[in-house]
Structures are given as C-alpha cells and as structure tokens.
C-alpha cells in the first residue's frame, strides 16, 4: 500500500514511519504492564440474536480456568504477582497444562492480584457507552491475562464465523437491502454496486463502515500472522501464513478488494490515534492513577502512557472528526445516537462468536473502538474536567482504558 487515504489528508508512508519508530515500541511495553494485561470478560453470555450453534470444539478455542486445587501454593499465597516458571512446571499442574496446551485462556491469579482488582472496580464508573458492557459482578465474568492468551488463528471458521461478520455488515452498517456486500468478492455481483453506494453515503456513515471493515482486517491480519502452521508430536508451531494473507488481501485474489480492506485498517488506526491524543487531558490530571497497588509500577505505567500521548499529539496528520456530526444540531444529535446504537449492537453480536479465544479478542477490540468513539464525541466534556476531583461529565472505567490501549496495540 502507498499513497493517500480517502477521507483524510494522510499518506500511508508517514503513518508507517510514525508507528514503527515512535508508537509501536512504547505501546508494546505498556501492554506488558499489570494494569493493562488483565481484562475482565464474561465469555458465557448467550448470543442474543440466534440460537447458539454450539461452541467451537477445537481445543485451542477454549478458555480453560484451572481448578483451585491445581493452582500452586505460591500463586495462591499471593507472595508473587508473577507466574513463576518453577511453580508452573510442577507436576501438579499437569491437568491444566493439558487444557492449556495450545494457549487456552489461563486464568490463574494470585490473591494479591484479586485484591488489586477489587480496588480497581471502585475506581470504575459508567455512563454514555458505545458498547454493551459485560456485568463485571457476574459470577461468569473472569479476569484473563492477555499476554498468556494471544490472539491467533485457532481453526474457528466456516458458517458460524461467516454468520457473525455477515450480521455485523448486513444489519449494522446503514446499508440498504438492495446492496450486497461482496462477502466473497469473486462471486457474481447482484443488485446495486456496493462501492457506488458507499461513495454516495454521508461522511459519518462512510466512516462507520470503514471502521468496521478496518476492525475486520485487523483481526484477519492477526490470524494470518499467528497461524497454526503444523502440529508435530503434540507440539504446535505458530507463524505467519503468507498463503492465507494473500487469499484475504491480494488484489488479484480479491478482485481489488484487499487493498481497500488494508486502507480501512489504516483509517481505524488514525481514529484510535486521534482518540488517544484527545483523551490525554483526562489522564494528565494527578487524580487519575493507573492503580494496581504497586506504587512504583503505577507511576512508571502512567509516565509511559503520558509519553505515548505526547507522541500522538506530535503527529500532524490526524483524522479530523470535527467534520463529523457538524450539520444542524438536531440532525447531528440523532445521527450520533444512531451511530451509538449500531455500534452497541455490534458489541452484542460478539457474544455470538463460537470460539472463546476469538470472542475474547473480538469483545476487547470492539470495546476499544467503542471507547475511542466515546472519547471523540466528548471533547467539550474532557476539556472542562476538574483537576482534583473525579469528573462528572466524562469518566472511563478501567475496562475501557485497558480495551482502548490493547485495541490500539493490536
């Protein structure tokens, strides 16, 4: 990909440079810190839209909590917040190891971590959301260590996966029924041409479609980059699958659709980058603490986050959201509300993903994008935040902060 992106004064080369040398190394470091690596998620919520067609039975799809009796004493006692290798190698963990063989979700947490989470929950407050949030008090909600459960190709595909994306595009992208999205770009086209329709949309609705397409491209790229290449003697080997990447993104294999998908990924990057630069004043206040209970680590995490904000502000080719929702007040307000409801619906569709690992990352990235939108539509509230007291007009929960950083990291 080269050249300028549509709907913004931005070229791809500048974004690549800025990301590779400034942002990516820092955001990667931030994702490894305790505040950002634990995400609470309910993977048992039923699909609200259709009867569940059964969960993915591939072992790598599973999210397998370890039984209490199998958790090593060191972790139970909470003497250490880290996963000590010696403890994890013990014979006791064999059953868990079996379950976690291909990187199923590991949810062993020390008591110390659990206490920190209760404190975090007190910091959380919720309001005008773009996402359907999991009820964190539900007994089904559990903390997941994102570093131990990387997003990658698990073998989950076919009709169940198609149905999720189809439902997202067909029902939630402001699309008339007469227009068919080229789900399979090589299939003969029916009805009005998809892209003629897209170009004719108002900027806001075009942006919405591009964000969803960018999210889809992002997820597909992670699956291609971290693919189960082979399994010999029960040992999996993960790595980039170039053939799969070509199948999804090569212009020749996708009737020119692939580069559009990748451009939408850059567009998504710019929107989330813009949100990070806009939310900086919220975090710059002394009253906001990335609280884990470890004062030294918390201060370092905050310093690193503020450093990333400085970088995002230095990038001079942001997407300018001021052109959005700028029409007459009444029309703009109802369009924004429509935007919010469509997006909320997409976050609910994530409960229909049959593979738990995919559901975890789908929910996290959707919530991250929903948080970015919430920030972009709250500029006035963010600018008028009180310096030394919790804000009434604009508030981010810990979940939203973790989702925003990790989604942008993806």
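Placement of Cβ uses the backbone N, Cα and C atoms for every residue, glycine included.
These features come from TrEMBL:
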- 355: active site (ACT_SITE)
- 358: active site (ACT_SITE)
- 152, 154, 165, 213, 216, 248: FAD binding site (BINDING)
- 56-61: disulfide bond (DISULFID)
- 355-358: disulfide bond (DISULFID)
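Within 10 Å of the Cα of residue 355 (active site), the following binding-site residues from the list 152, 154, 165, 213, 216, 248 place their own Cα: 154. Counting every protein chain shown, the Cβ of residue 165 (FAD binding site) has 17 other Cβ atoms within 10 Å. The most densely surrounded of the binding-site residues 152, 216, 248, judged by C-beta neighbours within 10 angstroms, is 152.
Between the CA atoms of residue 165 (FAD binding site) and residue 358 (active site) there is a gap of 13 Å. Cβ neighbours of residue 213 (FAD binding site) (same chain, under 8 Å, six or more residues apart in sequence): 260, 261, 264.
Each residue contributes its Cα atom, and for residue 248 (FAD binding site) and residue 358 (active site) those atoms are 18 Å apart. Recorded residues residue 358 (active site) and residue 152 (FAD binding site) have their alpha carbons 8 Å apart, per Cα-Cα distance.
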